[in-house]
Structure formats: structure tokens, C-alpha cells
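Please read the structure below before turning to the comments.
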Amino acid sequence: MQIRLYRNCQVEQEGEVWFALVKFVSARNKDESNQRLCRTNRTNNTMGATASKLPKDQLSEYQELTFLTKQEILLAHKRFNELLEREDRQQIGGSRVPMNKILTLPELKSNPFRRRICQVFSTSDLRDGSLSFEDFLDLLSAFSDSATLEIKSHYAFRIFDFDDDGTLDTGDLEKLVNCLTGEMDNTRLTSEEMKQLINNILEESDIDKDGTVNLSEFQHVISRSPDFVSSFKIVL
Amino acid sequence: MKVPVVTRWGSWRIHQSKAFRRFREDAKDVLAKLALWRKTIHKIGGHFGGGVQSYFLFLRFLVILNLLSFLLMASFVIIPSIVFNTVSFSGSSSIDSLPSVNMTGKEECLRYDPNPEALTVFYTYFLDLLSGTGFMEYSYMFYGFYNNTLVISSGFSYNIPLAYLLTAAFYFLFCLACIIVRSVRCSHRLQLKHTVLVPSGYSMLIFTGWDYGLQGERATQLKQNNLLYQLQVDLEEERIKQKAASLTLTQTVGLYSFRIFLHLVVLAMIVGAFFGIAAATQFSQVSIVGLLLEYLPSIVMTTSNFVVPFMCDQVARFEKYSPSVTIILALLRAVILRLVSLAVLLYSLWKQITCDGDVNTGKCTPCSYNSEQYQCWETRVGQEMYKLTLFDFLITIAMLVLVEFPRRFVVDNCSCKLVQWVGRQEFLVPSNILALVYGQTVVWAGALFCPLLPIINTIKFIIIFYCKKGTLFQNCRPALRTFRSTSSNFFFFLVLLIGLMLASVVLIYSVAIIHPSYDCGPFRFSETMWLVVPNTFHSLSNTTQEFLFYAGSQAFSIPLFIFSWSEGRDKQFLVKQIKEIAALSKEEQEPQQPPRSQAQWNGAPHWGGQHNPAFDPDTGMMTQPRAFFPDEFENPGLHYREE
């Protein structure tokens with residue numbers, strides 16, 4: 001089973017492909033190469049978790065690899081179980097929960113970015129936003145208390161990048177602002193206000209003046225905000 | 001690893017400061033849990049936002065202030081009066097301290113007769129309740145009922161006039177202290193929030209503005225409304241600034257002269273309201289016939305408080321200021337209107353009582369006040385304040401019942417366009433808070449003359465709390481324009497302070513200058529109310545007099561004041577100073593060690609990325625006093641990315 005590892009991950013951007021280098025601190029892993037890809041293609045083979053309880057070694061492995069505590073992982077396991085269909089509950093390892101079920105969680109139900117969050121963390125080949133248990137743990141880990149600013153700003157950037165092209169251009173910013181103010185007609189800015197706002201945003205944050213905000217410019221803005229880390233938090 | 005050396009006294013101070021801090025936090029927790037209406041106010045904040053919540057917090061503060069003031073008054077003035085009136089002490093005397101006024105030739109001043117006729121129709125009780133006359137006039141309610149009793153019983157003496165005066169003075173000082181403490185707390189929060197990084201204002205708001213922990217439709221919508229309003233206001237201000245910068249000279253001059261003209265129009269409206277109030281007061285005092293005339297000042301004041309701000313709002317549309325300036329101007333005008341109209345009413349009362357300030361002319365000759373109209377002028381002033389309070393309360397309830405509830409019924413059931421455009425009521429925070437400030441100022445101005453007014457006000461505010469809460473949840477929609485509560489909170493406490501100043505002018509004037517009535521009240525035998533204090537002072541023994549003189553003198557009180565003020569400051573500051581002094585003294589004693597290079601020391605425990613030399617081996621110096629206060633380190637999570 002290939003487990004996604006992103007604790008102690010240094011995330012860098014290379015073109016349009018996301019690579020990550022992992023430095024393994026855990027002594028348990030006797031693997032020769034300490035370099036592993038953070039995001040790998042999911043294989044469909046499932047591992048041990050045939051019972052609906054989480055086995056101890058897997059629990060500690062998850063603890064190693066995410067920012068979550070034992071309690072949080074167990075709670076996540078329980079909540080994920082409730083979302084699964086009855087017949088899938090035995091094999092929690094490989095089953096995916098469709099997006100519409102994930103969005104019934106109260107923590108995500110009224111979040112304006114809920115769909116983007118599901119799509120960003122989903123590793124499904126069908127790009128339908130469905131999450132496996134490990135995708136779910138990924139999500140909770142990035143939004144947890146102990147995740148670093150780098151991880152959070154990285155994922156925030158990906159969530160705001162609506163067209164997945166690696167930069168925040170005018171269309172992305174417009175959709176972002178509309179999410180923030182509300183989807184109803186009477187809660188949107190007028191088109192002049194939107195143009196003025198986007199001009200201001202690009203003036204403030206677009207340092208290389210290419211008309212888009214890339215990851216480093218985004219992180220530059222984020223680093224000056226004292227409460228981004230505490231507001232980018234979802235706890236079950 | 002060597003632990004840094006601390007002196008025993010230093011460690012005791014540290015321990016004390018930690019224990020004190022812990023105790024303070026625990027006390028704050030307990031107090032917060034016991035706070036009145038905590039759950040309700042929390043619920044209001046969740047549903048309607050911080051602005052509306054600040055109104056209810058302000059109201060709760062005033063309720064508690066009034067209740068404590070009433071307890072003060074009751075324990076020192078009202079209950080002793082009741083006790084002394086009903087129980088006769090053996091060996092007591094109700095002799096005044098020093099008859100300092102010659103009573104011959106003042107027969108016209110002694111005609112006070114508040115007792116009603118024997119046979120009264122039953123509805124006069126109701127009328128008396130509304131206007132404070134009749135059975136209410138000669139009761140513990142008003143100043144006129146209290147006597148200048150001086151009780152000297154075995155080893156115990158109580159001087160009612162002195163108690164009355166000192167309680168009133170202490171009441172004002174207590175209110176002043178409470179308001180200052182609250183407004184200082186507000187301004188601290190204000191300063192924290194004002195660390196605005198202007199260059200990246202918009203992008204910061206858009207990228208980091210959302211709180212992902214919000215749950216529920218309502219909270220989300222509220223936040224979205226907040227963000228929308230903030231964006232709209234900021235963008236509009238920017239547009240207006242750009243427009244203003246791009247006007248030609250003639251256009252600018254034209255705009256400014258038009259604005260000055262509109263300011264004059266608003267000023268004329270406000271001054272017109274003042275004249276109306278002054279005329280109404282004068283007219284109502286001359287002929288007290290019928291309830292309507294008695295309430296004429298209150299009616300005129302309430303009407304002007306409704307009409308004039310509405311007209312000013314219409315005028316403000318043409319002034320073309322930016323939204324924040326418009327709001328500030330509207331608030332300022334409303335404040336000036338309310339407080340100055342109250343001042344005008346008090347001034348016209350004063351004019352009539354003291355015959356325009358000239359106490360030796362016309363009607364004021366024998367008694368130094370207008371005894372023809374006012375046999376007991378203090379009770380009359382108290383009655384006026386009582387009427388203002390009552391009327392304000394009745395109008396608030398009437399507005400709720402006759403306007404807000406029907407409006408909601410009409411909007412919910414009638415679907416015509418006009419009605420839907422008007423829509424449901426919006427809870428306007430500034431005008432509601434100004435109404436509270438006005439009510440409280442009236443109570444302060446009248447407390448000297450009507451000792452039961454604080455408790456009446458407490459009951460009034462409690463009823464208003466529940467009524468406003470009811471109307472908020474039933475009739476109001478969440479505001480489209482949410483109110484920025486942090487800076488405005490401080491402003492409202494400032495306005496409350498101005499109201500207190502106004503009331504204290506009334507107090508000082510009545511106590512020190514106007515002659516008390518001859519036939520009623522505890523001060524009936526002195527020249528002024530204030531004279532009771534020097535008289536009592538002189539009747540104390542000589543040693544007590546000298547001690548009090550010394551305590552009040554500058555040589556003693558100023559050092560005491562400074563010492564207590566500095567003691568109360570943050571204990572950490574003192575500990576820091578001590579540390580630094582100790583460090584300096586240690587440096588002088590021990591020889592300088594050669595500085596260790598960073599390369600030799602790799603595995604040092606890093607506190608948040610800062611190198612802490614306190615944990616370096618073999619250095620006996622305590623150069624970093626911050627080692628003991630880890631919360632002073634910067635947040636390690638943020639690091640600046642160099643491009």
C-alpha cells in the first residue's frame with residue numbers, strides 16, 4: 001500500500017506538476033531511499049483494514065505521516081465510516097465516498113469552498129471529487145491545528161485556483177470573491193466594483209506584473225497575516 | 001546545561017507574578033460565567049453580529065451600573081431615613097448642625113404643602129403616578145421628603161444631610177470610574193486591531209478573510225455579509241477619493257460652498273429644535289394645567305429626536321461625503337441634538353428657578369429662588385427628570401407595539417411591491433445606543449433630587465432589554481450593513497462620559513450655588529447644600545481635623561496616588577526592570593567571557609527559532625531576561641520568504 005506522506009514535506013512547485021521531497025524521520029521505515037513522492041497514483045489494492053476498527057499499527061502509521069493526533073484520527077475514522085454505504089464498511093481502505101456525501105458533513109456543509117476542497121484533496125482518477133479515507137485524513141491534516149503555514153498556504157492556493165492552472169488569474173479571483181460574498185444575485189459586487197477590486201489585488205500582490213498571482217506571491221501576502229493559520233482550520 | 005541564576009527575591013517576584021496572573025485569569029473566567037444574560041447576548045452575537053451585540057452589552061453595563069448606584073443610595077440615605085423616621089432613638093435629636101440662616105422675614109418661603117386634598121377621585125392616583133405629584137410627591141421618591149435629621153445616639157451618630165451629599169458625590173465618582181475602566185478596555189482592543197498593513201489591504205482580506213471553522217448557514221451568511229459590506233465601503237471610499245482628487249478648482253470650490261450651506265441648514269434645524277424645547281419648558285412651568293402641558297417638554301424633545309435626525313439624513317444625501325464620514329457626521333449631529341436639547345431644558349428650568357440668575361430681583365427677592373412658582377424647587381426638578389424618564393420608556397414601548405410588530409405583519413402578509421421594498425425593520429444600533437445614553441444622562445441629572453430614580457431606571461432598562469430582544473428576533477432582519485463595533489464602542493463610552501459631565505454641571509451648580517428650599521429637604525437650614533460639609537468638619541475634634549487636612553494636602557496625597565497607580569500597572573514590567581538591573585549588576589561583577597561561535601553549538605534547543613543563550617553551557621550570565629517569558633517570543637510559524 002502506498003501511503004501518502006507529507007509530514008516534514010517541503011513542497012515545491014515545478015511547472016505544472018507537483019512534486020514533493022520527503023525527509024523521513026521515522027526509524028521504522030527501513031527503506032533505502034528516503035525520497036518518496038508525496039503524491040502518488042493510488043493503486044486500488046487495499047491493505048489490511050478488513051474490520052471496521054482501525055488496527056493499531058496503521059493508526060500509528062497515520063499518526064506518523066499526518067499532523068493529526070491519535071484521537072483525531074480515530075474520530076475521523078468513525079465519521080468516515082458513517083458516510084460509507086453499509087456494504088463498504090468492511091473495507092475502509094479502498095472505498096471512496098462520493099462528493100455529495102462528503103458535503104453533508106456539518107463542518108463542510110456551509111463552507112463556500114466545499115467543492116474546491118473536495119476536488120483538491122481527491123485522488124480519484126475520475127476527477128469527481130470523491131474521497132478515500134486517506135484523502136480524508138489528508139484534508140483534516142492540512143486543516144489541523146499543527147499543520148505549518150507552508151502546508152496551509154500551499155493548499156489554500158490550490159483551493160483558490162479554480163481552473164487548476166497553477167496561477168490565480170482574473171477568472172480565479174473573480175470566482176474567489178463571489179464565493180466570499182455569497183452566491184445570490186443581491187450579494188455580489190457589481191462588475192465595476194469587481195474590476196476595481198481585482199485591479200487592486202493584482203496591484204498589491206502581483207510582484208512580477210504578469211497579470212496573475214503565483215504561489216510565491218500568494219505566500220508572500222499570507223505570511224504577513226497573523227491569523228491565517230488560526231482561521232484556516234477545520235476540526236471535527 | 002546550567003540553569004541561569006536568579007536571586008531568591010527575584011524568583012519570589014516571578015512566582016508571585018505568575019500566581020497573580022493565573023488568579024486574574026481564573027477570576028475573569030468565573031466572572032464571565034456569572035455575567036448577566038450571557039447566553040442571550042452570545043446568541044444575539046451569533047445571529048446578528050458584533051454591532052447589535054455591542055448594544056446589548058452596553059445596555060447590560062448600564063443596568064449593572066444603575067443597580068449598584070441604587071444599592072449605594074439605599075444603604076446610605078434611604079434606609080437610614082426610613083429607620084430614623086419610624087424608630088425613635090433614645091437621646092436622639094433632630095437638631096440641625098448649625099442654624100446658619102436667619103429665618104425671620106422669610107414667611108413667603110415656608111408655604112410648601114404637598115399633601116393632596118382629602119377627597120380625591122381614583123384616577124388622580126394614576127395621574128399622580130404619571131407626573132410625580134400628589135401622593136408621590138411627598139414620599140421617599142423625591143428630595144422634599146427627606147429631613148435634616150442628625151441622630152446622636154449612644155456612641156453612634158448619623159448626619160443625614162452629610163450622607164445625602166456625600167453619597168451623591170460618590171455616586172458620580174463611581175460612575176466616572178466605571179466608564180473610564182470600560183472605555184480603556186475598549187481602546188486596548190481598538191489599538192490591537194489597528195495594526196493595519198495598508199499596502200496589502202485588499203489581497204490580505206480576500207486571501208485570508210475567510211474563517212473555515214464557521215458552521216451553519218446563519219454564521220456563514222453573516223460573515224459573507226460582513227465581507228461584502230467591507231469591500232463595498234472600501235471600494236466606494238477609494239472611488240470617492242479618486243473623484244475628489246480629479247475635480248477642477250471651480251468644482252471643488254462649488255462643492256465646498258454647497259456643503260457649508262447644507263451644514264448651516266442642519267445647524268438651523270437643530271437650533272430651531274432647541275428654541276422649541278426652551279419655549280415648551282417655559283410654557284409648561286407657568287401653567288400646570290392638564291397632563292399634556294406637563295409633558296410638553298418631553299413631547300417636544302422626543303419629537304425633535306425623531307424628526308431632526310431624519311431630516312439630517314435626507315440632507316446628507318446631497319453632501320456627497322464618503323460613507324464613513326457620513327456615518328460619523330450623522331452620529332455627531334444626533335449626539336449634539338440629544339445632549340444639548342437636554343442641556344437647554346435644564347437651562348430653561350434654571351432660568352425660571354433663579355429668575356435668570358439674578359437672585360435679588362423680582363420674584364426671587366425673599367428666598368433667593370422663585371418661591372412663587374417653586375415652593376420646593378428640588379422636588380420639581382426631580383419630577384421633571386422623572387417625567388422625562390417615564391415618557392421615554394412609554395414611547396419606546398409604544399414604538400415597539402404600534403410600529404414594529406405591525407410592520408412585520410404587513411410585510412409578511414402583504415405582497416405588494418411598495419411594502420416589500422420598505423421591508424422588515426432593521427435594528428439601527430447608533431440611534432438605539434444614543435437613546436440609552438440620553439436616558440442615563442437624565443437619570444444622572446435627576447439622581448440628586450429623586451433618589452429612587454436609579455432603581456426606576458434599572459427596571460426600565462431591564463424591561464427594554466427583553467423588549468428589544470423580542471423585537472430583534474421577531475421583527476428584524478439581519479443588517480445588510482453591519483456595524484463596525486470596535487471603534488464605535490469607544491465612541492459611545494465617550495458620549496456617555498459627556499452626558500456624565502453635563503449632569504455633574506447640574507450637580508455642582510445645585511450643590512454650590514443655588515439656595516436650597518426653605519421648607520423641604522435635608523438642607524433646608526443652610527445657605528447652600530455644600531455648607532453642610534465644612535460645618536460638620538469644624539464640629540470634629542481638633543486632631544481629626546488636622547489629620548484630614550494633612551491627608552488632603554498635596555505633600556501626602558500626590559505621592560500616594562502615584563505609588564498606587566504604578567503598583568497597579570502590569571507586574572511584568574516591574575519584573576523586567578528588576579531582571580535588567582540584576583543582569584547589569586552581574587555583568588559588572590563577573591569577567592566578560594569570550595563569545596561562543598555559533599558553529600560550535602549545533603544542538604542547542606531553539607526556542608521558536610531564536611537562539612537562547614541562557615542555555616549555553618558555562619555562561620553564568622543572565623543576559624536574556626526573556627527566557628522566562630516564552631510568550632514574548634515571536635510566532636515561529638511565520639517566516640518571511642525572500643524572493
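Glycine is treated like the rest: Cβ placed from N, Cα and C.
Annotation comment: TrEMBL describes B:376-485 as domain 'TMC'.
Feature annotation from TrEMBL assigns region 'Disordered' to B:585-643.
Note on the transmembrane segment (B:57-84): residues 35-37, 41, 92, 140, 146-147, 149, 151, 158, 160, 163-164, 166-167, 170-171, 174-175, 178, 182, 433, 436, 440, 443, 447, 451-452, 454-455, 457-458, 461-462, 464-465, 468, 489, 492 of its chain, located 6 or more positions outside it, place their CB under 8 angstroms from a CB of the stretch. Here TrEMBL flags B:57-84 (among others) as transmembrane segment.
Residues or ranges marked as transmembrane segment in TrEMBL: B:121-143 (among others). Long-range contacts of the transmembrane segment (B:121-143) within the same chain: residues 78, 81-82, 114-115, 291, 294-295, 376, 378-379, 382-383, 386-387, 390, 448-452, 520-522, each at least 6 residues beyond the stretch ends and with a Cβ under 8 Å from a Cβ of the stretch.
Sequence annotations record features per position, and here TrEMBL assigns transmembrane segment to B:163-184 (among others).
Residues 293, 296-297, 299-301, 304, 308, 311-312, 315, 318-319, 333, 336-337, 340-341, 344-345, 347-349, 351-352 of the same chain sit 6 or more residues outside the transmembrane segment (B:260-283) yet have a Cβ under 8 Å from a Cβ within it. Marked as transmembrane segment by TrEMBL: B:260-283 (among others).
Panel annotation: around the transmembrane segment (B:295-312), residues 131, 266, 269-270, 273, 276-277, 280-281, 283-284, 330, 333-334, 337-338, 341-342, 345, 384, 387-388, 391-392, 395, 431, 435, 438 of the same chain, lying at least six beyond its termini, place a Cβ under 8 Å from a Cβ of the stretch. TrEMBL lists B:295-312 (among others) with the feature transmembrane segment.
Residues 233, 237, 266, 270, 273-274, 277-278, 281-282, 285, 297, 301, 304-305, 308-309, 312-313, 316, 357, 381, 384, 430-431, 434, 437-438, 441-442, 445, 491, 495, 498-499, 502, 506, 509 of the same chain lie 6+ residues outside the transmembrane segment (B:324-350) yet bring a C-beta within less than 8 angstroms of a C-beta in it. According to TrEMBL, the transmembrane segment annotation covers B:324-350 (among others).
Positions annotated as transmembrane segment by TrEMBL: B:444-467 (among others). With a threshold of 8 Å between CB atoms, the same-chain residues lying at least 6 positions outside the transmembrane segment (B:444-467) that come near it are 37, 56, 59-60, 62-63, 66-67, 69-70, 73-74, 77-78, 140-143, 146, 168, 171-172, 175, 342, 346, 378-379, 381-386, 388-389, 393, 396-397, 400, 436, 499-500, 502-504, 506-507, 510-511.
The transmembrane segment annotation in TrEMBL covers B:488-514 (among others). Long-range contacts of the transmembrane segment (B:488-514) within its own chain (CB-CB distance under 8 A, at least 6 residues past either end) are made by residues 51, 54, 58, 165, 168-169, 172, 175-176, 179-180, 182-183, 186-187, 190, 331, 335, 339, 342-343, 346, 350, 353-354, 368-369, 377-378, 381, 429-430, 433-434, 437-438, 440-441, 444-445, 447-449, 528-530.
With a cut-off of 8 Å between Cβ atoms, the residues of this chain six or more beyond the transmembrane segment (B:547-566) that come close are 537, 540. Per TrEMBL, transmembrane segment is recorded for B:547-566 (among others).
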Taken over the domain 'TMC' (B:376-485), the model's mean pLDDT: 85
Counts of helix, strand and coil residues, the domain 'TMC' (B:376-485), according to DSSP: 85 helix, 4 strand, 21 coil
